[in-house]
Amino acid sequence: MSQSKKKLPLSLQESLTSAFAQIPVSSFPDVPNGRVIEIPGDTSVLDAVRILSEHNIRAAPVLNPESGAPADWKGRYLGIIDYSAIILWVLENAEIAAVALSAGSATAAGVGMGALGAVGVAALGAPGPAAVAGLTAAAVGAAVAGGLTAEKGVAKDGLTAADHLGEDFYKVLLQQEPFKSTTVRSIVESYRWSPFVPITLDTSMLTVLLLLSKYRLRNVPVIEPDKPIIKNFITQTGVVKGLQQCKGRDWFDYISALPLSDLGLPFMSLDEVITVNSGDLILEAFKCMKDNKIGGVPVIEGPNRKLVGSVSIRDIRFLLLRPDLFSNFRQLTVMEFMKTIGSTVPDSGNGLVKPPLTCSADSSLGSVIDSIASRITHRIYVVDGDFEVVGVVTLRDVISCFIYEPPGYCDNYLASAMDKLEDKGAGSVDTN
């Protein structure tokens with residue numbers, strides 16, 4: 001996020017930054033019921049999605065199921081499972097399952113017999129649809145052995161084939177091996193979008209705010225000093241709701257009364273806003289989120305980019321938990337997906353999921369905070385008078401309005417994070 005785009009008086013930024021630096025994490029409210037939801041590493045993917053959905057959360061720490069693991073936090077926890085990792089798993093296996101279902105689909109996916117190899121062709125049988133009952137682990141395994149993975153370039157055409165397979169595809173993904181036995185542990189170890197590096201109760205809230213904004217973390221686990229147990233789990237949503245509770249304080253009332261345009265919001269220009277069309281395939285929408293590392297996209301129609309809906313990364317839960325809703329679709333578009341899940345969500349209105357949150361460039365930051373805090377969403381779309389999408393404001397953007405990073409402030413933390421991540425064999429911290 002560009003610091004130069006913020007337009008708060010520097011003196012106010014410095015005062016707020018200094019104040020947050022003095023507030024310890026221990027003062028932040030605990031998660032609901034005072035207990036952090038944790039998921040054992042040997043839990044199946046579907047059961048993990050059920051847990052996230054039932055508790056209305058986007059992510060949870062994953063416990064190491066091995067009894068002989070080290071007693072520190074690095075031994076107790078494998079990482080964090082969230083919908084972004086689940087999306088990666090679904091998309092990769094969607095391509096494999098789609099091609100494994102029929103040799104005809106392999107051709108439609110632009111893969112062809114050569115990519116599958118002789119073993120794959122033999123397992124799949126003659127060209128044409130293969131009966132689901134005949135799909136075995138060997139068939140899927142042959143597709144995998146033949147090099148058919150997301151990285152090998154099936155990409156869009158593979159997802160198109162998957163979307164056309166309808167009920168058969170979902171039966172494969174949810175009921176056939178090796179997919180149905182996939183555990184949370186294997187996903188966490190394969191797909192690391194963000195690091196799992198806890199902070200302690202005596203860490204400053206400024207560090208947390210910077211990690212959740214500038215350093216693009218979605219959540220920050222909190223542990224007690226010298227104990228490996230996660231005491232709290234601070235999210236972007238929790239922080240924005242905390243800011244909302246500051247109404248009545250001079251500094252908050254001053255900032256929240258300012259229109260977005262005075263704060264340099266939206267930070268993204270019109271050309272930078274990533275959208276999907278209502279006629280796009282739903283798996284393509286999820287792939288768009290994966291490719292761009294974003295949690296949601298506005299759904300538009302027509303040349304004027306009129307906003308007609310929104311799809312969030314957590315909506316993948318409907319595909320996994322309620323496949324019966326989509327079994328009749330031979331080609332599931334974004335609009336059909338929104339209408340279908342809208343009929344199952346209370347108070348959705350107009351046959352869609354709750355209409356996306358919108359505001360204008362002249363809306364106050366306070367009204368935006370109230371809107372975002374009232375619903376479990378990470379973004380609000382900035383529209384003009386014709387409901388054309390002209391920008392987006394995310395939770396990260398809101399948090400960044402209140403603080404800035406003093407030179408070198410997070411250097412020690414990030415260096416420690418890098419060391420710990422290397423110890424666990426993970427990727428690097430995302431500082432984009």
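Cβ atoms are placed via backbone N, Cα and C, with glycine included.
TrEMBL does not curate its annotations; it predicts them automatically.
Values in this document were obtained by computation on a predicted structure and should not be read as measured data.
Annotated in TrEMBL:
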DOMAIN    30-96  domain 'CBS'
DOMAIN    268-326  domain 'CBS'
DOMAIN    352-408  domain 'CBS'
Secondary structure content of the domain 'CBS' (30-96), with strand meaning DSSP E or B: 31 helix, 14 strand, 22 coil
The domain 'CBS' (352-408) - residue tally per DSSP class, helix then strand then coil: 16 helix, 15 strand, 26 coil
Taken over the domain 'CBS' (352-408), the model's mean pLDDT: 90
Residues in the domain 'CBS' (268-326) grouped by DSSP into helix, strand and remaining coil: 27 helix, 16 strand, 16 coil
